[in-house]
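Trainee: Could you have a look at this structure, given as structure tokens, before my questions?
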2 protein chains.
Amino acid sequence: MFDPASLKYDANGLIPAIAQDHLTGEVLMMAWMNNESIQKTLETSRVTYWSRSRSSFWIKGETSGHIQKLIEMRVDCDRDCLLLLVDQAGPACHTNRRSCFYTALREGDEVIIMEPQNPSI
Amino acid sequence: MFDPASLKYDANGLIPAIAQDHLTGEVLMMAWMNNESIQKTLETSRVTYWSRSRSSFWIKGETSGHIQKLIEMRVDCDRDCLLLLVDQAGPACHTNRRSCFYTALREGDEVIIMEPQNPSI
């Protein structure tokens, strides 16, 4: 049986978690979890981060409706990073873009490569 | 012109960087960069992390030959995480697996889902 205590957390008790679309492979966002948010995520299949700015649990999509359903959780070799394969409803980013990684460096300049989705989608 | 100083670093001057295979979308690893390693990466197109354990630059593959060629660097909405699209030679993981994320939680247990590659590959 997997125990979240087997993971390596930073000095604040946090571990980075990368959310990836389980079908397309698109990397959607990176946020932080602690032992308890990992347990909540595994129990509910609703991805639950720890908000560092609000110091509280952050059930992804609880207010926006853009929930992340956990399909599979993976652990890296150092046990200090998680990869979450998710089913993402709508945009993952608070800017209404599908992914938080929406700027890219091209020929030395940072350019926007993704537009916000239509709110009705 | 992009300036790495426009990014948000943590208290140690570091920012997490996710390496993703630019062709398959596979997430290969997550490691850390600082301002100078980002500049080196952009100048050389050889992905260069900052090793927290050794407190030194870590040119990925310098000893193993498993280099990461940078195809594109992306920045997230909070400017506190990077996504690196890379051309990965051989395995990304020090265990000789293609990806560092080689265990998964399935039915409550953590199982190995990826075997080491043949060293000759």
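Any Cβ shown, glycine's included, is placed from N, Cα and C.
Here's the feature list from TrEMBL:
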- A:29-102: domain 'Phosphoribosyl-AMP cyclohydrolase' (DOMAIN)
- A:Asp76, A:Asp78, A:Asp80: Mg(2+) binding site (BINDING)
- A:Cys77, A:Cys93, A:Cys100: Zn(2+) binding site (BINDING)
Trainee: A:Asp78 (Mg(2+) binding site) to A:Cys100 (Zn(2+) binding site): how many Å between their Cα atoms?
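Mentor: Their Cα atoms are separated by 25 Å.
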Trainee: What's the CA-CA gap between A:Asp80 (Mg(2+) binding site) and A:Cys100 (Zn(2+) binding site) in angstrom, rounded?
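Mentor: The separation of the Cα atoms works out to 22 Å.
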Trainee: On the 0 to 100 scale, where does the mean pLDDT of the domain 'Phosphoribosyl-AMP cyclohydrolase' (A:29-102) fall?
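Mentor: Mean per-residue confidence for the domain 'Phosphoribosyl-AMP cyclohydrolase' (A:29-102): 97 out of 100.
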Trainee: For the binding-site residues A:Cys77, A:Cys100, which Cβ has the most other Cβ atoms within 10 Å, all shown protein chains included?
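Mentor: Top count of Cβ atoms within 10 Å goes to A:Cys100.
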Trainee: Please name the residue among the binding-site residues A:Asp76, A:Asp78, A:Asp80 whose C-beta has the most neighbouring C-beta atoms within 10 angstroms.
Mentor: A:Asp76
